[in-house]
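K.L.:
Encoded as structure tokens, here's the structure I'll be asking about.
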Amino acid sequence: MTTGLDAELIEQGRKLFAGEWQFIWASPSIETLPPMSGLEVAFAGRSNVGKSSLINALTGRSALARTSRTPGRTQELIFFEGPKGVDVRLVDMPGYGFASAPKARIASWTSLIHQFLLGRATLARVYVLIDARHGIKDIDKTVLGALDRSAVSYQVVLTKADEVKVTEMAERIDITRTQLASHPAAFPDVLVTSSRTGNGIPELRAAMARLIGDHRR
């Protein structure tokens, strides 16, 4: 389901997440962001698309990022840092598309995300998580367009793949790739994951290892 990820990259990805990752910062506003350091990789997506679960699966820590059945619980930019020597941070962004949240809160989240994307020189890529069962929705298209306009590199990750029939997944990947073809800031490869089964997690780690290696050359 992914391309160009050989055994060496898979091993680099494993090593990237072999050490202990930890929570370091929560930012409710742009003024409270941590100082820029190393590289940052952010995770965006609709409420309850599985961002926190994916971060937990990547790091091998079941409770590093707090998960909730309540949509819209993550209202801050949550930063996690790798072990000494890795010099990489993961950023769990507020979920979008939660219509029941107060309008003022939605506006605050939107402003925070927009300012973060525009002003973060250490941001290497945003992984936009899309529920594999539902595909790219209108609210996702709005976010992808904003990333294009901000010239922020991003890559789509289909989540909850275990809830889609194997016979249907190839078509869903093709549809997603076709939809992304018109987005200039989108990385062409579509990643497929399941936090519950672990499928696709080694490939996502490998993709991140390649990204980090490219930025450090």
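Quick reminder: no glycine exception, Cβ is built from N, Cα and C everywhere.
As listed in Swiss-Prot for this protein:
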type    : residues                              : note
BINDING : 45-52, 72-76, 92-95, 159-162, 193-195 : GTP binding site
BINDING : S52, T74                              : Mg(2+) binding site
DOMAIN  : 37-214                                : domain 'EngB-type G'
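Relative to the rest of the structure, where do these features sit?
P.N.:
Other Cβ atoms within 10 Å of the Cβ of K160 (GTP binding site), summed over all protein chains shown, number 22.
Using a 10 Å radius centred on the Cβ of S52 (Mg(2+) binding site) and all shown protein chains, the other Cβ atoms total 22.
Averaged over the domain 'EngB-type G' (37-214), the predicted model has a pLDDT of 89.
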K.L.:
Counting other CB atoms within 10 A of each CB, which of the binding-site residues N48, T193 comes out lowest?
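P.N.:
Candidates: the binding-site residues N48, T193. Fewest Cβ atoms within 10 Å: N48.
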K.L.:
In Å, rounded, how far does the Cα of E76 (GTP binding site) sit from the Cα of S52 (Mg(2+) binding site)?
P.N.:
13
K.L.:
Taking the Cα atoms as reference points, how far is T193 (GTP binding site) from S52 (Mg(2+) binding site) in Å?
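P.N.:
Distance (Cα to Cα, whole Å): 13 Å.
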K.L.:
Under 8 Å between C-beta atoms and at least six apart in sequence, can you list the same-chain neighbours of G45 (GTP binding site), or say none if there are none?
P.N.:
K51, G95, Y96, V128, L129, I130, T159
K.L.:
Could you state the whole-number distance in Å separating the C-alpha atoms of K160 (GTP binding site) and S52 (Mg(2+) binding site)?
P.N.:
13
K.L.:
Measuring Cα to Cα, how many Å separate P94 (GTP binding site) from S52 (Mg(2+) binding site)?
P.N.:
10
